[in-house]
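Quick notes on the structure that follows.
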Amino acid sequence: MADLSRDDVAHLASLARIDLSGAELDTMVGELGQIITSVEAVQQAPIADVTPMSHPMPITNVTRPDEVRPSLTPQEALAGAPDSELSRFAVPRILTED
Amino acid sequence: MSDPTRMTAAALADALACGDLSSEQVTRAHLDRIEAVDETIGAYLHVSGESALAQARAVDERRAKGEDLHRLAGVPIAVKDVMTTTGIPTTAGSKMLQGWVPPYDATVVAKLKAAGLPILGKTNMDEFAMGSSTEHSAFGPTRNPWDLDRTPGGSGGGSSAAVSSWQAPFATGTDTGGSIRQPAALTGSVGVKPTYGAMSRYGLIAMASSLDQAGPCARTVMDTALLHEVMAGHDPLDSTSIDAPVPDVVGAARRADVSGMRVGIVKELTGQGFAPQVQARFDEAVQHLVDAGAEVVEVSCPNFVYALGAYYLIMPSEASSNLARFDAMRYGLRVGPQGVDAPSAEQVMAASRDAGFGAEVKRRIILGTYALSSGYYDAYYGNAQKVRRLIADDFARAFETADVLVSPTAPTTAFRFGEKTSDPTAMYAGDIATIPANLAGLPGMSLPSGLAEDGLPAGFQVLAPAMADDRLYTVGAALEQRLVSAWGGQLLQQAPDLATTKGA
């Protein structure tokens, strides 16, 4: 089993911006360790000198003319917002007092 | 006239075209069926009855005026809840999006509407399409119409169960590692994952962008072909959409001629690890293809043994990135952390993501965060992308000697609720035969191959080279013809009758 501690999982959860309860952390340490052990098989594959494939299709960047086109109205864009004010998304404070 | 809910989409289209049925009658019959049985099955998260009937009446009026309509106009459809729909809630099976009504339609949904297909509702799914059983939906599981104690597979269990319990003639799905094909196999229906990029991903709530692919679910190969034709095509709103003609999949399904075709049995996807009765139905199906004139060859794809590991590194890595958009700021759930006055945006984000995401989604986000983190990136994500190349090369070599490849779709028939939830790696192993096609971007189909000794359906998978989706339909239709003849009708007619709860 991969060497993943409870502190490691707590750190990963903080990087992923998910508050996990203590019980969730305990469960996840065991499960993640089991999953990581099983996926480590990729390191046994004959991959020396293999070019990674990031995508199934050979694709190139796609652009379009920079033209003004119809888009969502402010009301439509805000319709699913948890909070709004003066036709803008209202969000909790971003800067701390420090 | 027979019960419209027991008719294929093709037969419904014919009946509508010659005036034997109206779209309103057909749509209402399906809504009645949903009301009668869906409390038991749980295939739908949202039923949009009024708007479906309005769409149906509009088609009937246009037909009465003699307008030139799409051949499927008026045939109702169910849509997987991962596709955005204006005016109809879209949740992707997550509390994070509960009650959200999108301001735009996914391109595939816009195509369904343009063709005049009334939308019956949105189908249940594992949260954000993460799962192989539809047990990970935040709104309760979908039950398998063949045995209510068993799952319909996942993540598209809702779409497959809707189709196989006669609640919709066909439905849309998405397939990231098998989410159309595996539930099709477990419910005795037909599901197709097209070539990556053949159908637009615009408006599909993304899990793993280099793997996700929309596709059709139905009860017959021809119905999946008809729906494939509507959904496919280039979309300038999706930069990964392929700008090339759509293969003639309907013509291929009609042709159904496999004489001289080389069918490759993938050595690594048969035998050990597959339930004996699933393997037996597969072997019989292969014999049917031989009887129909196909030539069987054995091919080896030695690197498929690494596919599951590569998939379960690439998929969560992309998912952790895609799901970063659920930050509680612009849409979706927002909750504050308990006991904190004037919390910061970051604290609200972390509390909302804890409250809004289920256990499987959290597990995959954190696994992806780990795989992409400094110091582990090369060992995990980087190596997985190299394995992906090996698998694509294996396919390329196999298609030098075979026109299509075949295997059982899933190693077992439908499993019981809770049977695999405590062991994620056991659940993940169920996708072993479907995942390679996603990694390489190739098209695949699952169709029923018969019943195992437990009375449950087994699936037969056909894989083809990229952009040769039509071959799936040629082989699938040829096999279906012979199997239906041997069974004396569609396999689904052998499914147990469902108790009706109301409205019937």
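A Cβ is built for glycine as well, from the same backbone N, Cα and C atoms used for every other residue.
Keep in mind that what you see is a predicted model, and the values were worked out from it rather than measured.
Look at TrEMBL and you will find B:Lys80, B:Ser155 tagged as active site, charge relay system. What TrEMBL records for B:Ser179 is active site, acyl-ester intermediate. The domain 'Amidase' annotation in TrEMBL covers B:26-472. Residues annotated as region 'Disordered' in TrEMBL: B:132-163.
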Handout entry: Integer Å distance between the CA atoms belonging to B:Lys80 (active site, charge relay system) and B:Ser155 (active site, charge relay system)
Key = 10
Fill in the blank from the handout: Cβ density check for B:Lys80 (active site, charge relay system), other Cβ within 10 Å (all protein chains) comes to 33
Exercise for the section: Write out the long-range same-chain contacts of the residue listed as 'active site, acyl-ester intermediate', meaning residues 6 or more apart in sequence whose Cβ is under 8 Å from its Cβ. Expected result: B:Met125, B:Asp126, B:Ala129, B:Ser132, B:Gly154, B:Ser155, B:Gly156, B:Gly173
Exercise for the section: Could you tell me how many residues in the region 'Disordered' (B:132-163) are helical, how many are strand and how many are coil under DSSP? Expected result: 7 helix, 3 strand, 22 coil
Practice task
Starting from the Cβ of B:Ser155 (active site, charge relay system), draw a 10 Å sphere and report how many other Cβ atoms land inside it.
Solution key: 35
Completion exercise
On the domain 'Amidase' (B:26-472), the mean of the pLDDT values is 97
Handout entry: For B:Lys80 (active site, charge relay system), the three-state class that DSSP assigns
Key = strand
